[in-house]
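Engineer: So that we are looking at the same thing, I have put the structure below in C-alpha cells.
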Amino acid sequence: MAELTALESLIEMGFPRGRAEKALALTGNQGIEAAMDWLMEHEDDPDVDEPLANPLGHILGREPTPTEQGGPEGPGSAVGESKPILTEEERQEQTKRMLELVAQKQREREEREEREALERERQRRRQGQELSAARQRLQEDEMRRAAEERRREKAEELAARQRVREKIERDKAERAKKVRLPDGSSLTQTFRAREQLAAVRLYVELHRGEELGGGQDPVQLLSGFPRRAFSEADMERPLQELGLVPSAVLIVAKKCPG
C-alpha cells in the first residue's frame, strides 16, 4: 500500500477535502503540521470553505503529473517509479500520529484561547476599576463643590443677619417718638437714644397748638403704660435710661403751676 499524501492524510484525519486543499495551498505545501495549524487557526472563518480560484496540483498535497513537470513520459522515466509501500500497521501508525498531532494542536489552541480570555477579563476588570475611580473622583468633586456652596450660602446668611443686627442697633439709637396732644392729634419725631428727655419736651413746645398755650405755657410729659409723669430731674436723663427706646408714646398735658 502506497504512503498517504499530505492531502490524503488530512482527509483521513477527518478534515473536509476543500479545507485540506485550501490549507495546503495557502501554507505553500510545507507539510501536514503547517496545514493543520492553518486549519485550526481559521476553523471559524466564515469563508473557510470557499475554494481557491486556481489551486495548483502540487500545492494541494498531490504529486504533479509528468505533464505538469514537463518531463518525459514512458516506462523508463523516473515518473514510473513506484512509491514506498506501507503496511496496514504502518498506515495505522501514521494515522495515529496525525490524530495525536491534531489533538495537540487542539489543546494548544484551547490554551491560547483561555489565555486570551483571561487577558480580556483582566482588561475588563481594569477598565471597570478605572471607570469606578473616575466616578468616585466625579462624586468627590461634586460633594466638594456642594460643600463650598453651602459654606458660601452660610457666610452670606451670617453676613445678612449681621447687617440686620447692625440696622436694629442703629434703629435703637435713633427711633421715632410719638407724642399725643390733648386734642387727639399727635406729633412724631426721631431722637437718638442718648438724647435727653428735655429735647423731646422742647420739640413739643415748639410744635404744639393753641390749646397748649401756643408755646407760652410749660408742658408736662407722661407715659401711658405704666402711668408715669416725668419730673424736671427726668428731663436731664437720656431716653435710653428712661426706657423710651426703641419706641415710645408720650402724652402731653399742661403743666400745673406749683
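Every residue, even glycine, has its Cβ placed from backbone N, Cα and C.
As listed in TrEMBL for this protein:
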{"type": "DOMAIN", "residues": "1-42", "note": "domain 'UBA'"}
{"type": "REGION", "residues": "42-146", "note": "region 'Disordered'"}
{"type": "COMPBIAS", "residues": "86-122", "note": "compositional bias 'Basic and acidic residues'"}
{"type": "COMPBIAS", "residues": "137-146", "note": "compositional bias 'Basic and acidic residues'"}
{"type": "DOMAIN", "residues": "178-252", "note": "domain 'UBX'"}
Engineer: Tell me, what is the mean pLDDT of the domain 'UBX' (178-252)?
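Structural biologist: 79, rounded to a whole number.
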Engineer: Where else in the chain does the compositional bias 'Basic and acidic residues' (137-146) make close Cβ contacts, counting only residues six or more beyond its ends and a cut-off under 8 Å?
Structural biologist: none
Engineer: In the compositional bias 'Basic and acidic residues' (86-122), how many residues does DSSP assign to helix, to strand and to coil?
Structural biologist: 35 helix, 0 strand, 2 coil
Engineer: What are the helix, strand and coil residue counts for the domain 'UBA' (1-42) according to DSSP?
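Structural biologist: Going through the domain 'UBA' (1-42) residue by residue, I get 27 helix, 1 strand, 14 coil.
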